[in-house]
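Note sheet for the following structure.
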Amino acid sequence: MAQQAQLGLQDAASPIMEELIHFHDHTLTVVFLISVLIFYLIIVMVTTTFMNKHSLDSQEVEIVWTVMPAIVLITIALPSLRILYLTDEISNPHLTIKAVGHQWYWSYEYTDYHQMEFDSYMIPTNELEPGGIRLLDVDHRIVVPMESPVRMLITSEDVIHSWTIPSLGTKVDAVPGRLNQATFITTRPGLFFGQCSEICGANHSFMPIALEAVPLSNFENWTTKVLAS
């Protein structure tokens, strides 16, 4: 989860987020090198007074400043396209969860189980237990088995919302009348928080998401307990 005064990205908890972090670092390196080059050229232009009236045009220079930006764009675009297709790749999910956005809470349905559904509301600050996370903890968390492909089906009952968990690299719009999907695999156990990332009304800031990744045996015990209740 995010830390106070954090400037970087959250620690990755899924393969997709690891890819996104690597792509971020790759792109930042390219942009930094371009910025250094441009800054150097600006300094040279400002501090020198060299003039050459005979250098009116240069075919070689025009080729270079056309080809080089194209190469730079390709080095950025290819990894981006690869990750784009990876985020849309869904095959043989072990678990499917349907998330429905409401003003201003989420409801979840485990479609592989009979009548296993619940609403998830933010816990008010005055009701938080010691150790609870203000504005992020909820009364009913999503629980998923770690190291298993999970498919999320996401929609909305009223206005546009966005189901987002940064540590998993997942952000999907919840649109009324439309069923969007996403997939993720949690690579480690833990508690991961997110929030609605689409302004959806007065209490937009108060519809968090809490997902708990646990070993498969713990997940089976949890489902048995939920179904029994």
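Each residue, glycine too, has its Cβ placed from N, Cα and C.
Since this is a predicted model, take the numbers as computed values, not measurements.
The annotation topological domain 'Mitochondrial intermembrane' is assigned in Swiss-Prot to 1-14, 88-229 on the grounds of similarity to another entry. What Swiss-Prot records for 15-45, 60-87 is transmembrane segment, and it gives similarity to another entry as the kind of evidence. Per Swiss-Prot, topological domain 'Mitochondrial matrix' is recorded for 46-59, and the stated evidence type is similarity to another entry. According to Swiss-Prot, the Cu cation A2 binding site annotation covers Cys196, Glu198, Cys200, His204, on the basis of similarity to another entry. Annotated Mg(2+) binding site per Swiss-Prot: Glu198, in sequence order, evidence recorded as similarity to another entry.
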Cu cation A2 site, defined by Cys196, Glu198, Cys200, His204: further same-chain residues with Cβ within 8 Å of the Cβ centre: Gly101, Trp104, Val159, Ile160, His161, Ser162, Ser197, Ile199, Gly201, Met207
Outside the transmembrane segment (60-87), six or more residues from its ends: residues with CB under 8 Å to it: 16, 19-20, 22-23, 26-27, 30, 34, 169, 182
Neighbour-count leader, CB within 10 A, binding-site residues: Cys196, Cys200: Cys196
Counts of helix, strand and coil residues, the topological domain 'Mitochondrial intermembrane' (88-229), according to DSSP: 22 helix, 61 strand, 59 coil
CB contacts for His204 (Cu cation A2 binding site) [other CB atoms within 10 A, all chains]: 16
Long-range environment of the topological domain 'Mitochondrial intermembrane' (1-14) - Cβ separation under 8 angstroms, sequence gap at least 6: 20-21, 24, 133, 136, 166-170, 184-188, 190-193, 213
Which same-chain residues, if any, lie at least 6 apart from Glu198 (Cu cation A2 binding site) yet have Cβ under 8 Å of it: Ile160, His161, Ser162, Asp173, Ala174, His204
DSSP helix/strand/coil residue counts for the topological domain 'Mitochondrial intermembrane' (1-14): 0 helix, 0 strand, 14 coil
PLDDT averaged over every residue in the topological domain 'Mitochondrial matrix' (46-59): 72
